[in-house]
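Participant: Can you keep this structure in mind? I'll have questions shortly.
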Amino acid sequence: MESSLAYHEPSIKIIVILSGFLLLLNIVNHVLDKLIYCGLIGQVLLGIAAGTPGAGWLPREFEEAAMQLGYLGLLLIVYEGGLSTSFKSLKANILLSSGVAATGIAAPMGLSFILSPMVGASPLQAFAAGAALCSTSLGTTFTILGTSGLSSTRLGVVLTSAAMMDDVVGLIMVQVISNLGGDNFTAVTVVRPVVVSIGFAVAAPLVCRFIVQPTTHFLNSTREKSQGGKLDRLLSLTHTAFAVHTIVLLALVVGGTYSGTSGLFAAYIAGAAISWWDSELPHPTGKTATAAPTGETLTSSAPTSRKANEGADTTQDQPQLPEQLPCPASSSGHEVYKAYYGVVVEHFLKPLFFASIGFSIPVTRMFSGPIVWRGVVYAVFMTLAKIGCGIWLISFATPLHSIQKFVGKVSALGKTKSKGLAPGNQCAAAPEPTSQTPAASSSGVLEEPSETPTNTTAITTKNASPDPEMPVSLYPASILAFAMVARGEIGFLISALAEANGIFGRQSGAAAQPSELFLIVTWAISLCTIGGPICVGLLVGRVKKLESNRPTREKRNVLGAWGVS
C-alpha cells in the first residue's frame, strides 16, 4: 500500500481542456437559459461531445470525478428544492400531487409492455424498462423551476412533490432491479426500500412536531430571558445556521442511504424540514429585530391617546410583531444556501452533473436503423405517458366550477342591490377608505401605518385570493406535463443496472457491446430528457411574453391560480 500520492504537475494540455470545458458549460448554460430557459440541455450535449461517447477529450479519471462531484451537486439541487417547499400549498394539493405521481408511474409501466411485440422483450425486461422510464429527473425539475421562477408557485409545489414521489418509486426500483438478475432475490429486496421510505416520510413530521418544535420554543424563551447573552449571540450567527443545516442534511442523507432508501429523498426531506422550521415556527430576532419594534413604539408613543379614541387598529398589530416574525433573513435556509452553497453549485457542481449525464449516453452505438426507429417510437409512447399527468390540471376548470361561479356572481349581485336600497348605505361605505387618508396626512406619525393595510390588501388579493383567477389556457397543464417528461439521472441509473445484471439480455462474452433493448431504452430516456425541458422552456417564455405584453391593460396572471404562491 502506498504511503502517499506523488504530486505531478498536470500538463498544459489537460489544464486547457478542463478549464475550457468548465467555461463552456457555464457559457452555454447562460445563453440557453436566456433563450429557452433550459441551459441544462447544452450541458448534457457538451458532455456527449467532449466525453467518452464523443471526441473523448476528457481524461477518464476526470469523468469519474465529475460523476461523483455531479451527484453531490444533485443532492444539493434536491435540497434546495426542499427549501422551496411551501407547506400550505403542499397540504392543499397533496391529493392532486399523488394523482399526478400515480399517473406518471402507472402509464409508463403499462405502455412499456409494447416492447414485447416490438423487440420480443420478456415481461421482466418490459418491467425493467418501465421502471427506468417511470422516474422523473429531480435535477432537471428543480433546475427548470428555479430558472423559470415557478419554484414557490402552486404549480411548482404540485410538480415538485409529484416528481419526488415518482423518483421515490424509481429509487425503490433501483434496489429491486439490482437484485433481480441474481439468485439472492427475496421479499426483503422489495419490502425494505418501501418500508424505509415510508418510515422516513412519516418519522420526519413526527420528529419536527414533538422534538424540534418544543426544543425551539425552549431555546426561544431562554434567549428572550437573556438577550445579548452567549447563547443568544451564538444562535444569531449565520455560521451557526450553516453548521446546523449542514449537519441535518448530512445526517439524513447518510442515515437514509445506510437504512435502504435514497439519499435524494433524504436530501429533500432535510430541505423541507428546514423550510418548515423557518416559516412555521416563531424566532427571536436578537438586537437587530428588537430595535425595529421599539423604534416604532417610540414614535407612536406620543399619539397613543388619540389612536385609542379613533380606534386602535395599529396598536393591536404592534405587540404581535415580535411573536409573528419569521426566521431572520440572514439565517433562513435560502439565505444560508445562497451564501455558502449557491455559487459553487450553480457554476461548478450542477454543470458537472448534467455533463455526467452526457458521459453515460452511448451515442456511437445508437445510430443503427432498427434501433433508431424503435427508440424513437418508444420515446413517443413514453412522452405521451408522462403528458397524461397534465390531465389532472385540466380537470381544475370543470363545467361545474363555471356554474358555481355564475351562481355566485348572481347571488353577489343580488346582495349588492339589496344593500343599495338602504338609505345612506352607499354614502357610508364610500368615504371609509378616503377618510383614513386625511387622518394619515394630519400627523406625520400616523402616515406610515395607514399605508401598510393598503399594501397588504393588494398582496392578499394577488396571492391569497379565496377565489383565485382561472388559467386562460392550457399553459399550466402543458408545463406540468412536459416537465414530468424528463427522466434524467434515475432513468439512466435503472437502465444501466438492468443492463449490468443481464436483465436486458446482454451477452456475457460481449462486455463491450450493449444489448439492443438497452440502446432502445437509452434512446427513449435521452430524447425525453432533452425534449421535455426544451418544451417547458418555450412554454415558460411564451407565458412571460404574454404577461409582459399587457402594459396598458390590467395585468392578468396567465397561469391563473397555478401561478401564485
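Cβ coordinates come from backbone N, Cα and C, glycine included.
In case it's useful when we look at the structure, here is the feature table from TrEMBL:
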TRANSMEM  12-28  transmembrane segment
DOMAIN    32-278  domain 'Cation/H+ exchanger transmembrane'
TRANSMEM  35-59  transmembrane segment
TRANSMEM  65-82  transmembrane segment
TRANSMEM  94-114  transmembrane segment
TRANSMEM  126-145  transmembrane segment
TRANSMEM  157-178  transmembrane segment
TRANSMEM  190-212  transmembrane segment
TRANSMEM  233-254  transmembrane segment
REGION    285-327  region 'Disordered'
COMPBIAS  285-297  compositional bias 'Low complexity'
COMPBIAS  298-321  compositional bias 'Polar residues'
TRANSMEM  339-359  transmembrane segment
TRANSMEM  371-394  transmembrane segment
REGION    423-467  region 'Disordered'
COMPBIAS  433-444  compositional bias 'Polar residues'
COMPBIAS  452-461  compositional bias 'Low complexity'
TRANSMEM  517-540  transmembrane segment
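So that I understand the layout, could you describe where these features sit and how close they are to other parts?
Facilitator: Same-chain neighbours of the transmembrane segment (65-82): 58, 138-139, 141-143, 145-146, 151, 160, 164, 249, 253, 263-264, 267-275, 337, 341, 345, 348-350, 352-356, 359, 489, counting only residues six or more beyond its ends whose CB sits under 8 Å from a CB of the stretch.
The list of residues near the transmembrane segment (126-145) in space but at least 6 beyond its ends in sequence, with Cβ under 8 angstroms from a Cβ of it, reads 37-38, 40, 73-74, 77-78, 80-81, 84, 104-105, 108-113, 115-116, 151, 156, 159-160, 162-164, 166-167, 169-171, 173, 176-177, 180, 264, 268, 350, 353-354, 382, 385-386, 483-484, 486-492, 494-495, 498, 503-504, 517, 521, 524-525, 528-529, 532-533, 536-537, 540.
Nonlocal intrachain contacts for the transmembrane segment (157-178), taken as residues 6+ away from its ends with a CB within less than 8 angstroms of a stretch CB, comprise 81, 84-86, 89-90, 93-94, 96-98, 100-101, 104-105, 128, 131-132, 134-138, 141-142, 145, 150-151, 189-190, 192-194, 197, 260-262, 264-265, 268, 389, 393, 479-480, 483-484, 490-491, 493-494, 497-498, 501, 503, 562.
Proximity of distant same-chain residues to the transmembrane segment (233-254), defined by a Cβ-Cβ separation under 8 Å and at least 6 residues beyond the stretch ends, is recorded for 75, 79, 200, 219, 223, 263, 266-267, 269-271, 273-274, 286, 328, 330-333, 335-337, 339-340.
Counting same-chain residues at least six beyond the ends of the transmembrane segment (339-359), those with a Cβ under 8 angstroms from any Cβ of the stretch are 21-22, 25-26, 29, 40, 43-53, 63, 66-67, 69-74, 76-77, 80, 139, 143, 238, 242, 488-489, 492, 529.
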